[in-house]
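Chemist: One structure is given below, represented as structure tokens, and several questions about it will come after.
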Amino acid sequence: MIVFATAPIQTERPRLPQDLFGAIADLKRELNAVILAHYYQEPDIQDVADYIGDSLGLSQQAASTNAEVIVFAGVHFMAETAKILNPDKQVLLPDLEAGCSLAESCPPANFAEFKAAHRNHLVISYINCTAEIKAMSDIICTSSNAVKIVRQIPPEQPIIFAPDRNLGRYVMAQTGREMVLWQGSCIVHETFSEKKIIQLQLQHPEAEVIAHPECEAAVLNRARFIGSTTALLNYVQKSVSPAFIVATEPGIIHQMQRQNPDKLYIPAPPFNNCNCNECPFMRLNTLEKLYWAMRRRAPEVTVPETIRLQALRPIQRMLEMS
């Protein structure tokens, strides 16, 4: 018997262009695409983006863009929101595994039962939730406008606030309004150590603590200023302080350094020595994945039309009330 040996088929790995920034710019023109990036993305992605912002700003940009393709450098619920607002546009996400611990903390079936147990309650949901949760909501909010929106609700109207309990408590403290809170949270913003922040304050007495309202109350109590990522950026720009301890995902420090390079920015430390103050989901997106998403026009984010229409109404109410 004669056995013929066959060489294994060599699958050549696709090569990246030497000038990745230039190649992305070329694809952007070719596709009539816009790149939207969250402040928590890696610096290279922020540098190639057309717009960098927080959830509210990104939603507003997605609602107003004339581009045919939206490349969303963020996490899945953000790309979903862009698709809800733009059903006829293609929405690309560099990595479909870029989820969100806060969104995942609110399963739709469980939330439906929770909502049924609190009839006659108005549902205000933080934008960090799935399309299914948005579809069950009356109004969507972001950390930029949550206080403003709650203040517009008649005082006799009971409210469910979901999914972030820490943001909900902060809004309650700011408005004096009692709300029923869904007990969800962000793994990043719950990892900051109050004890280590105090130690940093002793080492850097000139530094102001600034924090995102998704942080726990103990961390917020130590903060000189509390606000959304955009509000934190604006505060740093206006403050005379030479240094800041930043209690949010450290990706935002890239923009802080660009706007105010002479100031010192210290990421708030987590309880242990890991990099748990970095969002593992945001970090799944890379410049290379962004390039391949544009080159292949995939992976694409889609939302079933029935869910999209139900989720669109509360998002539109948010944009109107903002």
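Backbone N, Cα and C atoms are what each Cβ position is placed from, and that goes for glycine too.
Because the structure is a prediction, the values reported are computed rather than measured.
Pulled these features from Swiss-Prot for this protein:
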type	residues	note
BINDING	H38, S55, Y126, I127, N128, S143, H212, P213, E214, T229	iminosuccinate binding site
BINDING	C100, C186, C279	[4Fe-4S] cluster binding site
Chemist: Using a 10 Å cut-off between Cα atoms, which of these binding-site residues sit near C186 ([4Fe-4S] cluster binding site): H38, Y126, H212?
Modeler: none
Chemist: If you draw a 10 Å sphere around the Cβ of H212 (iminosuccinate binding site), how many other Cβ atoms fall inside it, taking every protein chain shown into account?
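Modeler: I count 29 other Cβ atoms within 10 Å of it.
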Chemist: Using Cα coordinates, what distance in whole Å links H212 (iminosuccinate binding site) and C279 ([4Fe-4S] cluster binding site)?
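Modeler: Taking the Cα atoms only, H212 (iminosuccinate binding site) lies 14 Å from C279 ([4Fe-4S] cluster binding site).
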Chemist: Distance check, please: Cα of Y126 (iminosuccinate binding site) against Cα of C279 ([4Fe-4S] cluster binding site), rounded to an integer number of angstrom.
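Modeler: Answer for this pair: 18 Å between alpha carbons.
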Chemist: Using only the Cα atoms of H38, S55, Y126, I127, N128, S143, H212, P213, E214, T229, which the record gives as binding iminosuccinate, return the largest interatomic distance in Å, rounded to a whole number.
Modeler: 17
Chemist: In whole Å, note down how far the CA of C100 ([4Fe-4S] cluster binding site) lies from the CA of H38 (iminosuccinate binding site).
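Modeler: Approximately 13 Å lies between the Cα of H38 (iminosuccinate binding site) and that of C100 ([4Fe-4S] cluster binding site).
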Chemist: Measure the Cβ-based neighbour count of C279 ([4Fe-4S] cluster binding site), defined as the other Cβ atoms within 10 Å of its Cβ.
Modeler: 24
